[in-house]
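What TrEMBL says about this protein:
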type     : residues : note
TRANSMEM : 12-29    : transmembrane segment
TRANSMEM : 99-119   : transmembrane segment
TRANSMEM : 131-151  : transmembrane segment
TRANSMEM : 178-202  : transmembrane segment
TRANSMEM : 214-237  : transmembrane segment
TRANSMEM : 257-275  : transmembrane segment
TRANSMEM : 282-298  : transmembrane segment
TRANSMEM : 310-331  : transmembrane segment
TRANSMEM : 338-355  : transmembrane segment
TRANSMEM : 405-422  : transmembrane segment
TRANSMEM : 469-488  : transmembrane segment
TRANSMEM : 494-513  : transmembrane segment
Amino acid sequence: MESSSSTPQLLWFFAIAACVKLLLIPAYYSTDFEVHRHWLALTHSLPLSNWYADETSPWTLDYPPFFACFERFLSIFAHYIDPQIVDLHNGLNYRANSAIYFLRISVILSDLWLLYGVYRLTKNADVKRRYLIWVLIVWSPALVIVDHLHFQYNGFLLGWLLLSISFLQEGKDLMGGFLFAVLLCFKHLFAVAAPVYFVYLLRHYCWKGLVRGFSRLSVLGAVVVAVFAAAYGPFLYHGQIQQVFNRMFPFGRGLCHAYWAPNFWVFYIILDKVFSFFLKKFGFSIQIPAASFTGGLVGDSSPFAVLPKISPSTTLIMVLLALSPCFIKAWTNPQPRMVARWIAYAYTCGFLFGWHVHEKASLHFVIPLAIVAVQSLEDAKHYFMLSIVSCYSLFPLLYEAQEYPIKVLLLLLHSILMWLGFSTKFTRASAPNTTVTAKKKGAQSKSIESSSPAAEKGGFTIGWVGKSYLLGLLLVEIWGQFLHPYLLGDKFPFVPLMLISTYCAFGIMYSWIWQLRCIISTA
């Protein structure tokens with residue numbers, strides 16, 4: 001009864017967010033807008049066998065087949081709104097209001113799937129926890145910036161992830177695994193968490209004795225194979241499967257994206273630049289690669305002057321090594337309540353150490369961590385800082401002056417809402433209620449929702465380290481937005497972006513270490 005009564009309230013949260021998003025329809029959009037418009041035209045105009053072979057536009061289809069089918073579904077409605085939207089040749093770079101409104105509203109409506117995932121996750125939660133998760137996810141400024149300004153469909157995709165997590169937390173492992181397999185056929189970049197899913201499902205769902213375990217493993221395997229067969233089978237039939245994989249995994253794009261994601265490789269690149277600078281000063285002949293700070297590192301040639309070239313296999317090994325503590329915990333103590341934490345940690349590892357990581361991929365761990373943030377005061381403090389850092393790292397995506405007040409206001413308002421929400425939940429009066437101990441059977445130790453010294457001192461605060469870091473974030477923004485153009489003009493245009501990436505990378509690296517410590521220390 002309580003969960004059904006919360007539905008209208010959640011819809012109000014969605015309606016408020018939708019109103020803000022509707023106001024942003026005329027605002028800036030990136031080339032991703034034309035990418036998705038072209039995919040509408042491509043899937044509408046061509047037979048399935050040509051979807052991954054077409055080169056009418058530079059924006060070739062490079063998402064998995066289920067997302068292509070999603071675009072095909074949307075193209076049916078786009079054709080009735082304005083046929084030129086889905087015209088493969090005459091629709092190139094088509095920017096009529098009909099196209100803008102249709103695509104913008106399609107993203108807003110697709111967020112209903114995210115809303116359903118949020119609903120399933122919070123339907124049995126207490127009121128404070130429920131409302132707080134709604135604020136953190138439904139009103140996420142990062143989602144607004146990436147999906148409703150820059151333009152993508154991350155909310156829709158994250159809805160599949162949240163649904164999968166909700167079923168796993170309820171102990172419905174088969175359904176959770178099925179939904180994750182479906183997600184991978186919508187966007188393959190979510191595969192970073194696949195090893196965690198595999199270890200957890202093998203141990204928690206399949207490890208039930210020889211006969212029963214083999215039966216469950218067979219059922220789980222059949223479900224996953226069926227999903228992938230439905231997605232890739234038609235392309236295998238048409239002899240296009242190699243072309244599909246070539247489009248989905250373009251390793252020639254290079255280690256880093258055009259705007260560097262704030263991850264571990266930022267430090268590696270800067271170290272290479274420092275070494276090359278000093279070696280040239282000492283008279284060594286150093287060839288500086290053509291790749292710039294703002295142009296990205298693209299192509300097969302090594303973008304490094306001194307340090308060794310990084311290959312995709314190297315990044316894969318680093319990601320798996322970083323994930324290994326999570327594998328151990330998921331195998332030795334597979335607890336449904338830890339699933340969201342493990343999955344978020346997996347995406348953090350992929351973001352920090354992965355190949356050609358997009359800055360927008362921070363959504364993959366920030367959104368699941370919202371589920372964890374309400375579990376304890378320390379989790380709330382961690383999320384408060386991480387959410388601000390990850391959102392700020394997206395600021396360079398909106399580089400036009402007219403969008404500057406929008407992104408600043410979005411971040412400031414959400415930071416205030418987070419502060420008020422966490423302060424309400426973790427007050428002095430409610431602090432003792434956060435103590436949850438699991439002593440059943442004498443085998444489990446203190447829960448992740450345990451009380452902490454900070455809670456006993458009276459509520460949500462951040463220490464001097466956090467305040468100093470946020471102050472540094474403000475100084476980085478003041479320099480890049482105001483002082484650098486005034487003092488240096490057009491000189492060294494890469495410096496503001498480099499400062500943002502590097503400074504945010506420190507914050508996200510700290511978050512990774514913090515998450516790792518929580519995983520290792522939690523029984």
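Counting starts with 1 at the first residue shown.
Glycine is no exception: its Cβ is also placed from the backbone N, Cα and C atoms.
Remember, TrEMBL labels are computer predictions, not curated facts.
Just so it is clear, the model here is predicted, and its values are computed rather than measured.
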Among 131-151, 178-202, 338-355, 469-488, point out the range having the most Cβ pairs under 8 angstroms from the transmembrane segment (214-237). 178-202
Which of 131-151, 257-275, 310-331, 338-355, 494-513 has the most Cβ pairs closer than 8 Å to the transmembrane segment (178-202)? 338-355
With the greatest number of Cβ pairs under 8 Å to the transmembrane segment (257-275), the stretch among 131-151, 310-331, 469-488, 494-513 is 494-513
